[in-house]
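See structure below.
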Amino acid sequence: MTTTSVPRLKARRTPVKHKRAIAIFLAPFAVLFAAFYLLPIGWAIGQSLLVVERDGTFGKPVEVFGGLTQYILVFQNEAFWASVGRVALFGVVQVPVMLGFALVLALLLDSPLVKGKKFFRLAFFVPYAVPGVIAAIMWGYLYSPNLSPFAAFTSGFDLLAPETVLWSIANVVTWVYVGYNMLIIYSALLALPSEIFEAARLDGANQLQIALSIKIPLVMPAIVLTAIFSIIGTLQLLAEPQVFRSFTSSVSSTFTPNIAVYTTSAVPNVSLAAAMSVVLALATFIMSFVFLKFTQRKGDQ
Amino acid sequence: MTQISAGAPKEKLASRTAAMIVMGISTLYFLVPIWWLFIGSTKSREQFSSTAGLWFADFNLFTNIGDLFAYNDGVYLKWMLNSIIYASFGALLGTLFAAMCGYALAKYRFPGRELIFNTVLGGVLVPATALALPLFLIFSQFNATNTFWSVFLPSIVSPFGVYLARIFAAASVPDELLEAARLDGAGEVRTFFSVSRRLMTPALVTIFLFQFVAIWNNFFLPLIMLRDQTLFPVTLGLYTWNSQVNQIPEIRTFVIIGAFLSIIPLIIAFLSLQRFWRGGLGAGSVK
């Protein structure tokens, strides 16, 4: 035991050169990451395990350890789960529509069918420069029944009604992010060597066939990346619906999980809000991870 | 080649036309809202609601800008300045720290390297909104909410930047060069700032842009942290104005013109630096 571990210890120790430099390089980020990532996460977990107790109705409130009480409350909180269901529905529809749109535009930009590529690329990317809050304010007016330039349509068909507002918000998110996702997929397409298509073209394959059977499978990693970012973004949905609350009463104070967390913390019910944040972060983790594994296995087959 | 083009010239024309129609309609979809915002910014309050939304009425743009800048002691300009300070300094420091960390992870071997990288990578997946609430409560322990630092410091941290920096450093800084620098007697830290940083510059611009946009768009953290409106970034400022429109109707003009002015700097920065986006996005999807 000792005879083997001593040389191993030596062998492990010798390769670490430049310790001081490594420490200097890592320290600033590590300190900030610990303070503003790890500490809040640990704090949220700790806080989520506390409950407030009072001596009688008017007693002083005291925070005591409550185990998983807050988590049980989260799981019993219908408004929270309704908000989770809402963003899930949103994601199931909006993410594929947006990525499909982005993929079509990227493939068209990459095909010889389109002229003026530089202009289109810029035009499609411009909305990404508009912050979500600003985009939501802008579209809020475009949806308005009397101020919209499309009032002929919006006065007859209420885009801010309880049944439609989710999809009106989906359109805002799509508008902002299609160009960004298109650019990711388009860069992946540009990186493909063109010889791959030459053979197919000589065999008489048309652009659509080349796109479907060669280009899309090859840029799948890029599409998966955009899908993961979009899923994370959907679970975090906050700014756009929060802005829409000043345009319509259809967006409730628990419309998305994040708005529910914000509302709960303002009550204030900090421990419940912390438990909701932890559940949300875990859900994001699991969803991204499962999606990644699922697509990887599919790709291997 | 001739066979194909001779065989189906009509089909080719048809698919070209179809492709251009899709591109044209998409262009309208992406640009008409911004065009509307611009037109809206040029109109007086009365004409904003009484004239056609997509075309000019009396050209009031400069009067509107003057009124906006004067309103409430010029608080709008303060917001713009705040956004610029939060985003540019935050992104600058964030890029530097992410670059150093990513560089160390790419170029040195040490125990715990993969653990650190995986932890940081996990950080990419943590929703920023899940951090905002605990951050507020931690800052309130130190009576530091509603300060510049409460928004600035947390936004410096960019796990995605570290991820990109590691990929870029591995790809653009050859080990031989570092060895040569060592033989010349240069210290590791000096080599980073004089040699490696230069090789990584295009990548660093990409990281900077990503983080600049992330901070510029940040809404939840300022919303939770800040009460004093002279500390607001422009997104939060316009949000609060927009939620007051029903009580103070004249503020609507300021929301429109303020929204329009606030997106101009970013659009210009984007369009002029677009090649960096493409390079960076390509590298991000390599894995």
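Using the three backbone atoms N, Cα and C, a Cβ is placed for every residue, glycine included.
Nobody curates TrEMBL annotations by hand; they come from automatic prediction.
What TrEMBL records for A:21-45, A:87-110, A:122-144, A:164-192, A:218-239, A:272-292 is transmembrane segment. Under the heading domain 'ABC transmembrane type-1', TrEMBL lists A:84-291.
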Using Cβ atoms and a strict cutoff of less than 8 Å, what residues sit near the transmembrane segment (A:164-192) while being 6 or more residues removed from its termini?
86, 89-90, 93-94, 97-99, 101-103, 105-107, 109-110, 121, 124-128, 130, 132, 135-136, 139, 143, 157-158, 215, 218-219, 221-223, 225-226, 230, 233-234, 237, 240-241, 244, 248, 250-251
Could you give the residue numbers and ranges of same-chain residues that sit at least 6 residues beyond the transmembrane segment (A:122-144) on either side and whose C-beta is under 8 angstroms from one of its C-beta atoms?
105, 150-151, 154, 159-160, 168-169, 171-173, 175-180, 182-183, 239-240, 243-244, 246-247
With Cβ distances under 8 Å as the criterion, find the stretch in A:21-45, A:218-239, A:272-292 that has the most pairs with the transmembrane segment (A:87-110).
A:218-239
Residues from the same chain, set at least six apart from the ends of the transmembrane segment (A:21-45), whose C-beta lies under 8 A from its own:
274, 277-278, 281
